[in-house]
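One structure below.
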Amino acid sequence: VSDAENWFCECPKLYTGKLCQFATCDENPCGNGATCFPKSERDAVCLCPYGRSGILCTDAIHISQPSFSGTDAFGYTSFLAYSTIPNITFYYEFRLTFQLADHHSSLQDNLIFFTGQKGQDLNGDDFLEVGLRNGRVVYTYNLGSGTATVISKPLDLTLNIHVIHLGRYLQKGWLKVDDQKNKTVTSPGTLVGLNVFSQFYLGGYGEYTPELLPKGSRFKNGFEGCIFDVQFRTSVNQEFKSPGTPEGHPNSGRSVGQCKDSPCSLIKCRNGGKCMESGSTVYCDCLAGWKGAYCTERVSVCEPEHSPPHLCKQGSTCVPLPDGYTCHCPLGTTGTYCEQG
């Protein structure tokens, strides 16, 4: 724009300088590797990396129980990224405990965790993903020959904290949420191994570009709320452990805070169960005769958890009765507990 002797540039949004040569984030004011996002011509917003907070991300914060804020106004999700989960090809189990920011946040498409990649050439997409959709937990995986999906019943939103336990052996997957019944699924096609090399993302993605993600994953938003504990194991006789190298430590993250509540202030264990917290792990320790995430499921007299254990001998079947149990004996045995030949 010129006016006789004087000329000046009318800069488009987000650029400054005599020749509009400066973008707001060129002189990045954000510290500690934060993501700079131009909010206006003069202003930048700093999206803080893991372990930092404050306007310019200069304050250190200790995070034992991460709090995620979903997808922000700039389209970025808050997330944590952990190193690749080893040895999950044929068998895995995951457990986690979460608190929703509010009821509304369970009704959107919210990602809880993800690992996977798009297939190259003839190989299909391999991924494992868990999220929330329409108030239900959705667990989906693809071993390269088609997607398998299990969907829970609607979450009971009167519970402050929810527990997810899921697993897979070869093609068969299962999902148990809170004290709902276990649901199972079998993946299509012939492939039986999950081959994933990506990091393990919790609460959102590094760069939210749905096109880069495998086709089956359609969770648009990041998670909103707290995730108290994620644990996994890759064999039945292993102990559960936290993701990360070293264990429990993410490689990176963005816009993650510390949850304000302690998980036991939010959990109501039923039937005399006691809430236990150790590190970031939280669970209900049930009295004898009860089991389940909240101690709401009765232990039948015939189950191995029952105390005292039933006395039916190997090979016989324990059948509960209103006032005890009876043993159904296999051919060739007799007696109250099938103990005689």
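From the backbone N, Cα and C atoms, a Cβ is placed for every residue, glycine too.
Taken from TrEMBL as is:
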DISULFID  Cys48-Cys57  disulfide bond
DISULFID  Cys286-Cys295  disulfide bond
DISULFID  Cys329-Cys338  disulfide bond
DOMAIN    21-58  domain 'EGF-like'
DOMAIN    69-259  domain 'Laminin G'
DOMAIN    260-296  domain 'EGF-like'
DOMAIN    298-339  domain 'EGF-like'
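Tertiary proximity for the domain 'EGF-like' (260-296) is limited to same-chain residues at least six positions away from its ends with a CB under 8 Å from its CB atoms, namely 64-65, 67, 97, 99, 159-161, 163, 165, 178-179, 226, 228-229, 231, 242, 248, 305-307. Contact check: the domain 'Laminin G' (69-259) against the domain 'EGF-like' (298-339) gives fewer than three Cβ pairs closer than 8 Å, residues 6 or more apart, which falls short of the contact criterion. Mean pLDDT, taken over the domain 'EGF-like' (260-296), works out to 86 on the 0 to 100 scale. For Cys295 (disulfide bond), applying a Cβ distance below 8 Å and a minimum sequence separation of six or more within one chain yields Cys269, Arg270, Asn271, Gly272, Gly273, Cys284, Cys286, Leu287. Separation of the C-alpha atoms of Cys48 (disulfide bond) and Cys338 (disulfide bond): 66 Å, rounded to the nearest whole number.
The two recorded residues Cys329 (disulfide bond) and Cys57 (disulfide bond) have their Cα atoms spaced 69 Å from each other.
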